[in-house]
Amino acid sequence: MKTRVRRSPDFGSLTRVFRNPLLRNGHLLTLSSALVALMGLCFWTIAAWRYDAAAVGSNSAAISLMMLLVSISQLNLSSAVVRFVPAAGRHTKMLVAIVFVVGGCVALVVGVCAVIVVDVVSPGTNMFGGSKAHAIFVVATVASTIFIIQEGVLTGLRRTGLVPLTNFAFAAAKMLLITLFAASMPSDGILAAWALSAVGIVTAIGVFLFAKAIPGCRAAASAVGSLPPLRRLVRFAALDYVGAISATASLTLMPIMVLTVLGAEQNAYFSMAWLVACSIFQINLNMGMSLVVESSVDQSDLARQARHVLAHTGKLLAVVVAGFVIFAPYLLGIFGGSYHEADNALRLFALAALPHLVVMTAVSSARAQQRMDLVLWCQVPQCLVAVPLTWFLLPVMGMAGASLAWLITISLIAGGLLVQRHLWLSVVVPVTKPPNPTEQKVPL
């Protein structure tokens, strides 16, 4: 008698996930985020061992400033290309070239201005060691800005599997160069390693995009309609930028407020909980980005896909959140014995990941339909409510007050979205209007 070998249910579930492009792309982006975090830790560990404390301090400050400038300079174009590249068809090369030029030029201007401002306002900070460091900083800002946009282009082209690979190559190059530059560039080697690695990876991705990925996409998507008018593209990018900055500020301002109200020691504990929590929120961001890509061309199946994201990611988050709630003190203990003081802050942040999933799914659904009013409704209140509520709760509850403020804010928004779920779980069919001869089209 023959014995039938049955597949493991876990293996079958994993296979179904990776056969579904919506879920596969989201998990690949999450893998990329985890890889960036892990290799970033390795990068700074090497820096601490190979460079003196003064060099590490000045270079880390410069890189932190650079990353802030990158988030400003890229104008959230990485989100715009995720939305419009899948439907661009024969206009893809032109669209990608325009966003690269715009992002690079803005980064160049912002980087130069930042160097001038730092030297004038805070000449004693030793952030930049001279004209060579100035040039390295500007190059790093421009290259990193384009790199962020390129990740969005790869995602929009459904080349999501390359995103973890490019991040791995970038991180590996940084770690190699930071070691090589330790002797020849003891003061600027950390920043130089970042800049040169960014230039190399941006060049390689650029060649791949324009020589292979985009021509292949154009051939496969020849039947896809053209881009919307330029005015709509600009409106999408501008309003999405406002929403993204608001949502980002609601979280990134928290460590600054904790530092101001509770002091440096308490902020050290809070910041570790905050960093760990942000890795959970990244899961929702990545699944939302995948939803935008898979529904950009055809929104007829958007409602089902949104529900699928909610169900699949919700099950995953339930396990992750339960683990963080139970093991919060042990997770924070990795950083040192005193860091368990932030265990309640981490627990509250982890619980907030569940309503955050609802908010990010609604935002992604609205982006796919270019309903930017709904995007703003979801994201701007995050800053308007969370920031003042944090100021109010910090003196009363300590660092857990900041986490509670975020949990309350995101839960209120998610609750409103669930009550009014027809706003984002149904597709709004635009009314066809006669063409306006004065409306500017994207040039061919």
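Each residue, glycine too, has its Cβ placed from N, Cα and C.
Fair warning: this is a prediction, and the values are worked out from it, not measured in the lab.
According to TrEMBL, the feature transmembrane segment maps to 28-49, 61-82, 94-121, 133-150, 162-183, 189-211, 241-262, 268-293, 314-339, 345-363, 375-394, 400-419.
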Would you confirm whether the transmembrane segment (375-394) and the transmembrane segment (94-121) meet the contact rule of 3 or more C-beta pairs below 8 angstroms, pairs 6 or more apart in sequence?
no
Could you name the stretch, out of 28-49, 94-121, 241-262, 345-363, with the greatest number of CB pairs under 8 A to the transmembrane segment (268-293)?
345-363
How about long-range neighbours of the transmembrane segment (189-211): same chain, 6 or more residues beyond its ends, C-beta under 8 Å?
47, 51, 55-56, 59-60, 62-63, 66, 93, 96, 100, 133, 136-137, 139-140, 143-144, 146-147, 150, 153-154, 157, 166, 169-170, 173-174, 177-178, 180-182
Under 8 Å, at least 3 Cβ pairs, sequence separation 6 or more: does that hold for the transmembrane segment (241-262) versus the transmembrane segment (400-419)?
yes
Can you tell me which parts of the same chain pack against the transmembrane segment (400-419), counting only residues 6+ beyond its ends and a CB-CB cutoff under 8 A?
250-251, 254, 257-258, 270, 273, 277, 344-349, 351-352, 355-356, 358-359, 362, 378, 381-382, 385-386, 389-390, 392-394
Do we see three or more Cβ pairs under 8 Å linking the transmembrane segment (133-150) and the transmembrane segment (61-82), pairs being at least 6 apart in sequence?
yes
